[in-house]
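Before any comments, here is the structure.
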Amino acid sequence: MKTGRVLKISGPLVVAEGMEEANIYDVVKVGEKRLIGEIIEMREDRASIQVYEETAGLAPGDPVITTGEPLSVELGPGLIEAMFDGIQRPLNAIKAKAGDFITRGVEVHSLDRDRKWHFTPVKKVGDTVEAGDVIGIVQETSIVEHKIMVPYGIKGTIETIEEGDFTVVDTVAKVKDKDKVSDLIMMQKWPVRRGRPYGRKLNPVEPMITGQRVIDTFFPVTKGGTACVPGPFGSGKTVVQHQLAKWADAQIVVYIGCGERGNEMTDVLNEFPELKDPKTGEPLMKRTVLIANTSNMPVAAREASIYTGITIGEYFRDMGYSVALMADSTSRWAEALREMSGRLEEMPGDEGYPAYLGSRAADFYERAGKVLSLGSEGREGALTVIGAVSPPGGDLSEPVTQATLRIVKVFWGLDSQLAYRRHFPAINWLNSYSLYLEKISPWMDENVASDWTALRTRAMSLLQEEANLEEIVRLVGIDALSEKDRLKLEVAKSLREDYLQQNAFHEVDTYASLEKQYKMLKLVLFFYDETQRALNAGIYLKELLDLEVRDKIARAKYISEESIENIDAIFNELSEVIDELISKGGIMNA
């Protein structure tokens, strides 16, 4: 191909001339060091190139060579447990080749070309296959079975297929369609800006269980849903994302650290190999793909990292897996868009962000969903996307948050006031919402308990009433309230402190199964019902609040999953204590 020349350099933006043979979104190599870039605008023979590496040292006149291919990712065995940068370069391989610091222009394959994987066919010679059909499996980790699929655009009859140890570029099967024979390897390439095709979208009705009480009970997200976690600095966005990556009942987790601090990725690398998946008992790292594009890496690569991550997520979704993708933080991605837009001298929108911010965000989030994959087998897969948003100063009216809220169905609004009061997760139950509640409620009532939805509604109305009563208390004092209203305040406080608060760093409290959540919630509301019964029988509120059983209700969150029946004993004890109190007419142990 014809070589272009650098005309102008403006930070991560390079303008080259003599590029009439190139296409928009082609990957190019810039300068003598062959820096990786992507064409984002074409005007006659001039190409505006977004360079994914530091451009210091480039000069006008340097060569620009187009590869003729769009920015693509390699999909195949070797993705799980790997850590990539924003353009899918494996960081471990770069370290082995160039040292601790990523040198510019370093070229390494995304997937290891030397490592051999044991391929077990599930189809035989003579079988007819089409795009999306599984022809064999590779046991990638102890918990992930990597399904080798027929690439998009290929169909026909299998001519040869064999079991054995192969690298990702070795031919494992041959498919013949009329006179054309296609060699199938274990690796596929896919352009990151194009969503992977599927049969059809399905209605998401099954919740993604996260083990976080405030999320699962009040603001659930479905498998195949979209959610956002906006919040000011220090409100716990990253810890929420880490908790979801650790405990969500997805089979594959893709974690994108997009423009956040490097220490946060270090935490993931330190914790995930040690933490055990509650379902399989294996380390969490054995189902995780990490994309580290930290704040000290080039800004332009942040835009690519989001697309790289979601393409990998779609690939595992096509295998029929439930995938959870965490993007922390989409605000940094939007800032990268803003910087490139400014360099291109485009007309700015709100706060300098480009006018197309909303459509780019929609392109990303709309790639989530529950789908019926391509192929004759009809596998169901789901890709759930959860994006953190970091609005400056916690201002939720800023453009990135507003663009995100127009697209996603679940809003977990983090509140700095709750965080300052050490209430974590600091999800504000009055501001947050989930539009999946109606879809999920029948599943919860069927699979957890028939009165789940009713309990949730009661608890939510109590918290809402507490907010209204607190306004009265601020104006005229708590003594102006009736005993019934004061009881409501106490029960709402119990809901907040004993149920909604959850310690991410406590070995038991970090995760609560749906059964435990149901019993804990029912216990708090049972306390409300029993104390109301006692109040109606003439017992003083102070006596009810001084009961020792209240401490046991507060400590129920620390009961392990194996000893969950101990919560049932608290129900019986509470009922007995109230009965005794009523029969004596109050004042126990007098």
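The backbone N, Cα and C atoms fix where each Cβ goes, and this holds for glycine too.
Per Swiss-Prot, the feature ATP binding site maps to GLY231, PRO232, PHE233, GLY234, SER235, GLY236, LYS237, THR238; the stated evidence is sequence analysis.
Once Cβ contacts within 10 Å are tallied over all protein chains shown, the binding-site residues SER235, THR238 are led by SER235. The secondary structure of LYS237 (ATP binding site), as reduced to three states from DSSP, is helical. Taking the centroid of the Cβ atoms of GLY231, PRO232, PHE233, GLY234, SER235, GLY236, LYS237, THR238 as the ATP site, the other same-chain residues with Cβ within 8 Å of it are SER390, LEU414, SER416, ALA419, ALA426. Close to PHE233 (ATP binding site) in the fold, though at least 6 residues off in sequence, lie SER390, GLY394, each with a CB less than 8 Å from its CB.
Summarising the environment of GLY236 (ATP binding site), the number of other Cβ atoms within 10 Å of its Cβ, over all protein chains shown, is 22. Between the candidate binding-site residues, GLY231, PRO232, GLY234, LYS237, the densest Cβ environment within 10 Å is the one around GLY231.
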